[in-house]
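Visitor: Attaching a single structure in structure tokens format; questions to follow.
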DNA sequence: CGCCCAGTTGAATTGGCTCAATAGTCGTGG
DNA sequence: CCACGACTATTGAGCCAATTCAACTGGGCG
């Protein structure tokens, strides 16, 4: 319940609060509390009213939607990420359920306090705008991937994205269960297996959660990653030295316990549509 | 080029500017200009830097994404809607192309001025937040529909949504070409035809662009619309008397030339992810 | 009158899903 | 320490849905 100074620092490092003055930061985090949840805990059900902004500090969280007994994973978040900011700002019901995939440490910030602060302080408001805009663009990327690519292509691009996140090694470790990955990519677990099998023709070897790439060129030729769909690598020219924006996308930055000030500190934020 | 007072009023009626003081409104719209485009004009290509916020005053605009010679329609906007607000706020490149489907009147607002205003005035900033949050949630709904429903179900729900927008008549008129609708719903034109054919079992009759519903109950039982995916009808309890939010979704409100102050004035705004 | 294009229809193919069975893994408890 | 049960992952077979290719229809416009 009491928040450790180290955790406070991690929160301050979030894009949302990075530029905030001490007073604004105090206002926005008033009444905040920290909580630990075991794996598999449902934090929020689809349709619930949303009273808090959640900040994932450790562990991982799955966001999912459902309809007619079907479920689909819309995103898997890793620390440090915020989620359901949009619902908080609109005082609306949640559109997705949230549940922990691992034991997780989660900070809960009062929605009321955040809305009040955003209404009063234009700088903080602008940080919220950027966070939301980034989230929005993340989902747009997701829709594009879903509608424009086939299952194997989505998997190939996912692997390349993970590869880019994991120091571009020739060998990566899948950060989630394959069943979760399958749902995230919009296919069944069986189909994911077959998709992996198809990728063996492109030098992708699977050993449990360890994936190795033996012909990265061939894989890239198949995947054809695009800066307008995938969030990684080439990244066309940004206007200014915009630091961290546009995060969300299918999976968020990892964050052990150490300190990588520049590359860490990403969000689960997502952007609006048009 | 000079903006007519009637147009100015329509812009003021947008959620984005509704609460703005005269001074703030003047700042935000400084350097704005109005332009007419014929049908089929590309306003913006995927990947282009974005310098303006666009406001569609009449006509209609299609937002589309592409990859590997494939294209897909992500949204069709109708007046009055704003678009690419997220890219404007982040000074980022466009993730979608925008082209007119009909001759259109479009207002272009300086991105620079909007960012400056949002940074200086917390109330305007909050309006941007709400717009972005609504857009975000709109795309989330789109992803859910795409991943959780089959083609026929998406069509059925689309028809019900249109029906709700068109005074719940038993007969509606499709607002776009069927080829555009097919792409919007994530299928091929051929498949859309077959989906319509399947719906004839549920009392849906097609005569060109005119669709009539003879057994609305049966159609609803098939479609199973949800307040957490579709934007229309039942709409669970909102906390306060929140006016217009969460617009975007696949297609925006229509707006002839008359005046329906409460139901009109919708956005092309979309919300962020978490 | 005839062209062009949107829309529809049909047949063949592909891809994804469902169902079912098997193999490996982990954790629990005897 | 090992045996068991629960669960994840994989693989095969059959099925349903969607895409592709192709031909045909009908309406609008020159």
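A Cβ is built for glycine as well, from the same backbone N, Cα and C atoms used for every other residue.
According to TrEMBL, the record shows the following:
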type: COMPBIAS; residues: A:233-244; note: compositional bias 'Low complexity'
type: DOMAIN; residues: A:16-116; note: domain 'Cyclic nucleotide-binding'
type: DOMAIN; residues: A:149-217; note: domain 'HTH crp-type'
type: REGION; residues: A:233-274; note: region 'Disordered'
Visitor: Mean pLDDT, the domain 'HTH crp-type' (A:149-217)?
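Guide: Value for the domain 'HTH crp-type' (A:149-217), mean pLDDT as a whole number: 93.
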Visitor: Let's see if you can do this one: DSSP helix, strand and coil counts over the domain 'Cyclic nucleotide-binding' (A:16-116), in that order.
Guide: 22 helix, 46 strand, 33 coil
Visitor: Just give the helix, strand and coil counts over the domain 'HTH crp-type' (A:149-217), going by DSSP.
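Guide: Summed by class, the stretch gives 38 helix, 11 strand, 20 coil.
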